[in-house]
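Asks: Pasting a structure here, questions to come.
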């Protein structure tokens, strides 16, 4: 029985493929037929008018026989093409397809009869009562308020491998039109019914990764299935199935939010409530009424970065840089992108390179020279001595030259590089060190990030004769207390760290100094001015896509 149904399905597919080929062939033979008729007509016109022989003054009778042969050839070709076109038109396979099946199989609408899917499966799915083994299985429940014409139908070819409950009750057929799942909405407590052939086998299948058994909210008490009745709702692919389930999920979510008693029967996932008025939801609307939170007027220096970098605290600061206050709406997104850029571009490669250098040191017989254990002076000396063997050590030492406590710095760099977006970052403190809390003798996370950011740009900017140490960016664009920037110079454009603990940063631009702000907002203002005022150029280096590639964090703003 199963092999016979499979052969039927294969013959159906072969027929549709043949129809597609014949539809394409009809267009070709019709075009050739019209072309041959046109050529034969032109030659016949010349034969009667004798235009060529008169114009070229040649003997007419030899030319007439040649033209007669060509006219006969083109006429025969035209007759043959029209005969093939008539054959394809009149002897085309008579097959009935629904509009959705015609679209899925690529069969032209003119090549097949349009009919509801029930015409295809009426004779293949006889109605019968469910077997006892089907009792107790969860099946799809459906809304009683929906009309039968809007209920979905699923073919086994679309839901094979999905829900074990459904798969176990489907007939073992390879035909995509053998049986389907449908719903009933005759009364409120009723759910669905199922029809299967008497000899159909039951078999389990693995749960599909997409729908997860067609979602548990559509499962209900033991019930039965019936065959489909409407062609409009015949589902033919997984995308339509997923769209339907998502829409029903949203409807159920709205119903549950409007339910006065979540424990009542009407509020359970099995049932759907669409008949309530707006007044029935008044108590819920009052309960979930939206209320504005109060803003903090003066961020405390002891609070975390989230408070200090709030939108309210940054309004006046950004107002001095740009008049567009709508930019503040993008501040959180810019900050997240910038943190991710620092992590992926600087922190993670730096930690990996440090581990690589430590491994090379051990291979060279210098296990005592390990980054995170040796002093910064020993590392600088080793960078000079081992430069031919480990050329990257000199670059790494510049990133580490911020604190004498190299062990804490190395461990903190590894902690900050974890999580993808520096999730352990603390703007006014750092991490624990050897079981004790962070103290002021250790650098803050803000100081570490600022240092590695400046060092990275030092490596990207070309060397300058005024700064033989190679710190071009740091010397020109970063001033740390107790030093102060020259505000009388209009060309000064730098970041000023006005306080160490807690760390405060100010942006100096065109003789103006912004109010204190957190690290990331100050760096964002610095980069935003470069993008909007300096055309993305920091000196001779492009910070855009063709250079450092950091200005992408602002998008099109």
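Glycine too: its Cβ is placed from the backbone N, Cα and C atoms.
Features from Swiss-Prot:
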TRANSMEM  28-48  transmembrane segment
CARBOHYD  57  N-linked glycosylation site
TRANSMEM  60-80  transmembrane segment
REGION    108-156  region 'Disordered'
COMPBIAS  125-140  compositional bias 'Polar residues'
COMPBIAS  141-156  compositional bias 'Low complexity'
REGION    194-232  region 'Disordered'
COMPBIAS  194-205  compositional bias 'Low complexity'
COMPBIAS  219-228  compositional bias 'Low complexity'
CARBOHYD  273  N-linked glycosylation site
CARBOHYD  343  N-linked glycosylation site
Asks: DSSP on residue 343 (N-linked glycosylation site), three-state: which is it?
Replies: helix
Asks: Among the glycosylation sites listed here, 57, 343, which has the most company in the form of other Cβ atoms within 10 Å of its Cβ?
Replies: 343
Asks: Quick check for the class: what is the C-alpha distance, in angstrom and rounded, between residue 343 (N-linked glycosylation site) and residue 57 (N-linked glycosylation site)?
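Replies: Cα-Cα, rounded: 89 Å.
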